[in-house]
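Student: First the structure, which I've put down as structure tokens, then a few questions once you've had a look.
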Amino acid sequence: MNEPNSWVEWVDPELDVDEAAVPQPVVAVVGRPNVGKSTLVNRLIGRRQAVVEDVPGVTRDRVPYDAQWNGRQFAVVDTGGWEPDAKDRAAAIAAQAESAITTADVVLFVVDAVVGATDVDEAAVKMLRRSAKPVILVANKADNSSIEMEASALWSLGLGEPYPVSALHGRGSGELLDLILDRLPEAPKIVEDRPRGPRRVALVGRPNVGKSSLLNRFSGEIRAVVDAVAGTTVDPVDSLVEIGGEAWQLVDTAGLRKRVGQASGTEYYASLRTTSAIEAAEVAVVLLDASEVISEQDQRILSMVTDAGRALVIAFNKWDLVDADRRYYLDREIERELRRIPWAIRLNLSARTGRAVDKLAPALRRALASWETRVPTAQLNAWLTALVQATPHPVRGGRAPKILFATQAGAAPPRFVLFTTGPLDAGYQRFVERKLREEFGFEGSPIEISVRARKKLGPGGRGKAHG
């Protein structure tokens, strides 16, 4: 959900992005120097990460951290002290704080409740009003009830009710977190630990590539009917098997020959059940017949898995039938036909002879680990900053969009959101994805990257956006 008059969602149509994914909301903590912003950030995130020292200017850049409250997750961005008409280093710090405001869904404006409103605070209020962002006025250092009562004088700033807290002692922090959740757009729910039980694996592929033979190899019994006639299996067949010392729930599915919309009768319903099996699974093993050319239908099945956002292992079955000549041509086919999914884990095996089937369990574990990976927001942005500095976006029309901030919106599969000053070139976005994979892995898992591009500033003032 986007904040009105602030951000417009822009998604590269060439990339596989779940438009329904809810980006992780962002809370920016701003204020003049030494009002306790970093101490408040540590209180909100529940751990001591932001650097705190009783001198102004300790925090220089905007620094993001992951936070959780009442089953919801969001990002908290710590900023340096904001001052009007700042010079040199102080000006750079203030600019970073203003950039944090542009990426935020809600701004916490922190004021020293003991000192009261200052000229700098009043100047900051004018800047915040121009930004058109929702603002929560936080009266920090309200360490006792007497100071808490005095904080009511901050109504004069015109930002509504001041909320007294003591970041140092925790006073009022729970109420402030409740208020933050009320003001934020819908924050994604925290994904609870996966319920204990076998991981679900869908075995998919076109007819007669050996799915049922592989299932029977693991189950040790004729659990699925095997016949040389293509299309023997119609209903998905669940089988609890042990692979590599671990229990797995394998779902064998009907072989797919046509698109669902083109199939009819029994084949149509088998296609629907296969689609349902993929949706119900966590990881899919797509079996290809290594002795035959990679077909258009093979690629459609691979697309079904990636479109569903499932972890992926590609198993080239019937490897016992592959000779040296076929291996040469198969390597060329893989380079040509599977170039859009170089991240998929590939295995060469034979369900009939048992060759290399012991490699399947480790491959499944690697794919699932990547599928569930979460990158801490601070680590993600440290990497992204270095990447953009080393290889900035190319200039188009005399200007180049800037990436201001990034967050991981979810996992299973990993979904990332880039906050930018404008749409990114498709090629540059693919470059970011490639480098993201090089840095953090994600072998065997799709990842999704979307862009939240800031609207152009209107004539009404600095930081104001138009609809």
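Just so you know, glycine gets a Cβ as well, placed from its N, Cα and C.
Feature annotation from Swiss-Prot assigns GTP 1 binding site to 31-38, 78-82, 140-143. Annotated GTP 2 binding site per Swiss-Prot: 205-212, 252-256, 317-320, in sequence order, evidence recorded as sequence analysis. Annotation source Swiss-Prot lists domain 'EngA-type G 1' at 25-188. Residues or ranges marked as domain 'EngA-type G 2' by Swiss-Prot: 199-372. The domain 'KH-like' annotation in Swiss-Prot covers 373-455.
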Student: Tell me which of the binding-site residues Gly205, Asn208, Lys211, Trp319 ends up closest to Asn34 (GTP 1 binding site) in space, Cα to Cα.
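Tutor: Closest candidate to Asn34 (GTP 1 binding site), judged by Cα separation, is Gly205.
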Student: At the level of the C-alpha atoms, what whole-angstrom distance separates Trp319 (GTP 2 binding site) and Lys37 (GTP 1 binding site)?
Tutor: 61
Student: In angstrom units, rounded to an integer, how far apart are the Cα atoms of Thr79 (GTP 1 binding site) and Asn208 (GTP 2 binding site)?
Tutor: 60
Student: What does the structure give for the C-alpha distance between Gly205 (GTP 2 binding site) and Lys37 (GTP 1 binding site)? Integer Å is fine.
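Tutor: Between the alpha carbons of Gly205 (GTP 2 binding site) and Lys37 (GTP 1 binding site) there are 55 Å.
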Student: If you count the other Cβ atoms within 10 Å of each Cβ, which of the binding-site residues Trp82, Trp319 comes out on top?
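Tutor: Neighbour-count leader: Trp82.
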Student: Taking the Cβ of Asn34 (GTP 1 binding site) as the centre, how many other Cβ atoms fall within a 10 Å radius?
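Tutor: Summing over all protein chains shown, Asn34 (GTP 1 binding site) has 16 other Cβ atoms within 10 Å.
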Student: Roughly how many angstrom lie between the C-alpha atoms of Lys37 (GTP 1 binding site) and Lys211 (GTP 2 binding site)?
Tutor: 58
Student: Do you know offhand how many angstrom separate Asn208 (GTP 2 binding site) and Ala142 (GTP 1 binding site) by C-alpha?
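Tutor: It is 72 Å, counting Cα to Cα.
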Student: For the binding-site residues listed here (Thr79, Asn208), tell me which residue's CB has the most neighbouring CB atoms inside 10 Å.
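Tutor: Output for this query is Thr79.
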Student: I'm trying to understand the geometry here, so how far is the Cα atom of Lys211 (GTP 2 binding site) from the Cα atom of Ala142 (GTP 1 binding site), in Å to the nearest whole number?
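Tutor: On Cα coordinates alone, these residues lie 66 Å apart.
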Student: With DSSP as the reference, give the number of residues of the domain 'KH-like' (373-455) in helix, strand and coil.
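Tutor: Reading the DSSP string over the domain 'KH-like' (373-455) gives 29 helix, 23 strand, 31 coil.
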Student: Other than its own, how many Cβ atoms are within 10 Å of the Cβ belonging to Ala142 (GTP 1 binding site)?
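Tutor: That number is 25.
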Student: Name the residues of the same chain, 6+ apart in sequence, whose Cβ is under 8 Å from the Cβ of Gly31 (GTP 1 binding site)?
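Tutor: Within the chain, Gly31 (GTP 1 binding site) has Cβ neighbours under 8 Å at Lys37, Gly81, Trp82, Phe109, Val110, Val111, Asp121, Ala124.
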Student: What is the number of other Cβ atoms found within 10 Å of the Cβ of Lys37 (GTP 1 binding site)?
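Tutor: Counting Cβ neighbours of Lys37 (GTP 1 binding site) within 10 Å gives 30.
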